[in-house]
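Worksheet for the structure shown next.
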Amino acid sequence: MSAVNKSKEDEGNFSTKVIKIVFIILLLDLLGFTLILPLLPSILDHYAESRDGVYQSLQTVVDWFREAVGIPLEKKYNSVLFGVPGITCNRGSVRLIWPATPAYAHHSEENITFLGLFKVLFITVRSVRKHKALSPELTHSHLIGCLVFQLGLMSSYAVWAVSRSFSMFLLFRVIGGICKGNVSLCTAIIADLPCPKARNRGMAMIGVAFSLGFTVGPLMGAYFAITSKATGNVFYLTPALLALAFSTADLLFIWLMLPETLTKDVKALSSGCGDCRDLLHPLSLFYFAAVSKKKDQLSRNGMQSLRVLGLVYFCYLFLFSGLEFTLSFLTHQRFQFTSMEQGKMFFFIGVIMALIQGGYARRIKPGQHIRAVRMAIIALIPAFVIIGLSWNVTMLYIGLSLYSFAAAIVVPCLSTLVSDHGSASQKGTVMGILRSLGALARALGPVVSSSVYWIAGAQTCFLITSASFVLPLALLGIARRLKEE
């Protein structure tokens, strides 16, 4: 008995160590990534003023989209829309540059993409690389995978620092997008932890890292852009060099501190083109086909539960990311928020999310996650109704408080629920597919929501989408029944 207790204690200590290391890795990664977010409008203005040829050619398509949807001819919205035809790589995807909105700066993984399926492509290609396509050493090593991706990120930030044309800027984003696999790998590392309680705590701490990164990083980027311009350099030089420094520090930290969480007996059970198709085809993602075809298959009930949870995750992020994007439109139109006031608003959201994730979400007991997600989604309905109908700033912030509470809980808890499915050799694939579904949702949701916003109006957009959260709630009820069977 004492040996068993000692083994559990060792597992607990190891899990705690891994969670702390992953938290620091992600925080450094996100600080480097988010430095650029408040600079994107100014970067676009910079290339517009220089009459860059690539920029101008993409601008013509933006003008067509703006006229088709009915968006006002304002410089602010034009900057936000730039990227509907353009391709700028961001967090593992070819993204839209929805740059002028702090909503974009607040939540990444993961917000909006152009040719959004490319986001799924890049994330699932990272999953394929992690499990199949690279050398045997990389296939069975999260550590080496993190190091390779980090080296790629460092090269992308170096390209940014020396970029003086829009083409070079696009190259920086493409390289960074292809190499932005550490978030997926960190999620897989947490999923590898043996104890469900530790996995829950780890997923919550990933959420805390995101909240802190997207709260502090943009502020640092704005500050160092001002200092860089004051010294006579191009305004984005210092932020680019700082991002490179964060990435270098992250590389050294990974190399020195990150243990390998994949055990020697975890082998890739299948390979070949069939697996690649299952990881890349959108319908296969919803069916978790790559998991169902493995030799150590889940039970029929387990597969059904996993697919329903994947649908909940997709539906939630599709609706949530859409309203999150249009939030900055609403505050600018209705309350004439300046960029600074919007920055304060999202700082308020980030602080509340960090407190909820650090103080409540990580303490949710195993077996209570579906209940927590259900409570959070129910809270989102009045949150977005209040925001959509708000006629003063006080009412807006009441809605934002509910919004922040819900946003802090849903994704970490759903990630924990999904990470409970599958054997040790399947967890990386399971989590990679889940993130791909999230990528697809964030590709489509904001495009649909912003179109509804400008065609039907803010109130209609927020009320219709709020009512639509009934769908993930209904699916969550199915997931709960499957779990109880």
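Note that Cβ sites are derived from N, Cα and C of the backbone, with glycine treated the same way.
Straight from TrEMBL, the features:
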type	residues	note
TRANSMEM	21-40	transmembrane segment
TRANSMEM	141-160	transmembrane segment
TRANSMEM	166-191	transmembrane segment
TRANSMEM	203-224	transmembrane segment
TRANSMEM	236-258	transmembrane segment
TRANSMEM	308-330	transmembrane segment
TRANSMEM	342-360	transmembrane segment
TRANSMEM	372-391	transmembrane segment
TRANSMEM	397-418	transmembrane segment
TRANSMEM	462-479	transmembrane segment
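Between the transmembrane segment (462-479) and the transmembrane segment (141-160) there are fewer than 3 Cβ pairs closer than 8 Å, counting only pairs 6 or more residues apart in sequence, which means the two stretches are not in contact.
Against the transmembrane segment (203-224), stretch 397-418 shows more Cβ pairs under 8 Å than any other of 141-160, 372-391, 397-418. Through the fold, the transmembrane segment (236-258) approaches residues 21-22, 24-25, 28-29, 31-33, 35-36, 39, 42-43, 142-143, 146-147, 150-151, 153-154, 157-158, 160-161, 220-221, 224-225, 227-228 of its own chain, all at least 6 residues removed from its boundaries and within a Cβ separation under 8 Å. 166-191 is the stretch from 21-40, 166-191, 308-330, 342-360, 397-418 with the greatest number of Cβ pairs below 8 Å to the transmembrane segment (141-160). Against the transmembrane segment (166-191), the recorded stretches 21-40, 308-330, 342-360, 372-391 differ in Cβ pairs under 8 Å, and the greatest number is found for 21-40. Among the recorded stretches 21-40, 342-360, 372-391, 397-418, the one sharing the largest number of Cβ pairs closer than 8 Å with the transmembrane segment (308-330) is 397-418. Among residues of the same chain six or more beyond the transmembrane segment (342-360), those with a C-beta under 8 A of the stretch's C-beta atoms are 38, 101-103, 105-106, 204-205, 207-208, 211-212, 214-215, 218-219, 328, 331-332, 397, 400-401, 403-405, 407-409, 412.
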